[in-house]
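Worksheet: one structure, shown below.
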Amino acid sequence: MDRRMWGAHVFCVLSPLPTVLGHMHPECDFITQLREDESACLQAAEEMPNTTLGCPATWDGLLCWPTAGSGEWVTLPCPDFFSHFSSESGAVKRDCTITGWSEPFPPYPVACPVPLELLAEEESYFSTVKIIYTVGHSISIVALFVAITILVALRRLHCPRNYVHTQLFTTFILKAGAVFLKDAALFHSDDTDHCSFSTVLCKVSVAASHFATMTNFSWLLAEAVYLNCLLASTSPSSRRAFWWLVLAGWGLPVLFTGTWVSCKLAFEDIACWDLDDTSPYWWIIKGPIVLSVGVNFGLFLNIIRILVRKLEPAQGSLHTQSQYWRLSKSTLFLIPLFGIHYIIFNFLPDNAGLGIRLPLELGLGSFQGFIVAILYCFLNQEVRTEISRKWHGHDPELLPAWRTRAKWTTPSRSAAKVLTSMC
């Protein structure tokens, strides 16, 4: 196999990895290193005095061969990136003949072997992960859309807490849609060079992906903040708090994503904006996410503390305790699901722990929207009751509007009445 084809084959085998990891392209590090080596080699060759004797310095696509005299053998080690596949360091020789450089001996595939069977298994693994997260996001979109329809269509379910849930559902739909858009824009062809590919659509898809991810984290945090406010206050202003959450939950992601896009356009408009591993501007996106994860985890611990105190028998009647529990149980199932997960990985480098991170964040994580829809809608007793009433002809929408508002959405002064079974 020709040395150029051998190098290209290795990179093609690695190409499924960026499809799964999104913004991490390890093969681009290899290509970038080769391009730098080629540039240095050609520059050194130009600086060497011209001579008709021997063989000039040359770049063969993988290694830079220095100037050599006629009849001289030159031995060079395999390119550095081959060390990722084998601990044994190979070497390649070339003879400077009267007609020029000879072919490398032994050939690159022999001197610099790559375990293609292992790479084929990894390719199959990454393809399987992609299938799993595609199925997971698809199921989540359907479930979330149904959940939003239910919460919007049934007026007796209208209350600030369910409004917050609806916003969270929407962010999961956006996040899943952004994944599909990014896959379509960046990985529509196996021949795409991810290291130099640059179109308006691919940049928009990457920016949309970052925005959707930030909104998802911000509304996960909003869920924790809102529940903290309800549990900690005896007379919470639910609707006013909701509109503050709307402003922060959507406004901050717009601000940070817009700032990141501006920095990319002005200072780092290269490739498809997804080579963020060493970019300082990546922290405009990652920094707020890491901070929100830490705050969310702290709020989770505070919620547990409040619930333990409020659920003590001495604190109130069994009826009040039941109301607190019914209010918080779905959120308590959700916050640990995300908090523990992200508290482990978000403070680590992006390429750390990929063996565990891939199946959790991409595989299991793609079903998170589906899980949220189940916890906050389909298993919610009040939602099931309202659906049952409409199904059996007892339409709650036929009740007078003033009765519906007074019973279901208007908070009273009493903490026990504020934390109703519905909101």
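Using N, Cα and C of the backbone, Cβ positions are placed for all residues, glycine too.
The structure displayed is predicted, hence computed values, not measured ones.
Feature annotations, courtesy of Swiss-Prot:
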SIGNAL    1-22  signal peptide
TOPO_DOM  23-130  topological domain 'Extracellular'
DISULFID  Cys41-Cys64  disulfide bond
CARBOHYD  Asn50  N-linked glycosylation site
DISULFID  Cys55-Cys96  disulfide bond
DISULFID  Cys78-Cys112  disulfide bond
TRANSMEM  131-151  transmembrane segment
TOPO_DOM  152-167  topological domain 'Cytoplasmic'
TRANSMEM  168-188  transmembrane segment
TOPO_DOM  189-210  topological domain 'Extracellular'
TRANSMEM  211-231  transmembrane segment
TOPO_DOM  232-240  topological domain 'Cytoplasmic'
TRANSMEM  241-261  transmembrane segment
TOPO_DOM  262-283  topological domain 'Extracellular'
TRANSMEM  284-304  transmembrane segment
TOPO_DOM  305-331  topological domain 'Cytoplasmic'
TRANSMEM  332-352  transmembrane segment
TOPO_DOM  353-357  topological domain 'Extracellular'
TRANSMEM  358-378  transmembrane segment
TOPO_DOM  379-423  topological domain 'Cytoplasmic'
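Locations of recorded Swiss-Prot features on the structure.
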| residue | record | Cβ neighbours (10 Å) |
| --- | --- | --- |
| Cys41 | disulfide bond | 18 |
| Cys55 | disulfide bond | 23 |
| Cys64 | disulfide bond | 16 |
| Cys78 | disulfide bond | 20 |
| Cys96 | disulfide bond | 21 |
| Cys112 | disulfide bond | 28 |
- request: State the Cα to Cα distance, in Å, between Cys64 (disulfide bond) and Cys96 (disulfide bond), rounded to an integer.
  value: 14
Task: With pairs restricted to those 6 or more apart in sequence, evaluate whether the transmembrane segment (284-304) and the transmembrane segment (211-231) have 3+ C-beta pairs under 8 Å.
output: yes
- request: Could you say whether, by DSSP, Cys41 (disulfide bond) belongs to a helix, a strand or a coil region?
  value: helix
- request: Provide the three-state secondary structure of Cys96 (disulfide bond) computed with DSSP.
  value: strand
Field: Cys41 (disulfide bond) and Cys112 (disulfide bond), distance between Cα atoms, whole Å
entry: 21
- line: DSSP puts the residues of the topological domain 'Cytoplasmic' (152-167) at 13 helix, 0 strand, 3 coil
Query: Near the transmembrane segment (131-151), which residues from the same chain, at least 6 beyond its ends, have a CB less than 8 A from one of its CBs?
result: 157-158, 162, 165-166, 169-170, 172-173, 176-177, 179-180, 183, 362-370, 372-374, 376-378, 383, 387
- line: Summed over the topological domain 'Extracellular' (262-283), the DSSP helix, strand and coil counts are 10 helix, 0 strand, 12 coil
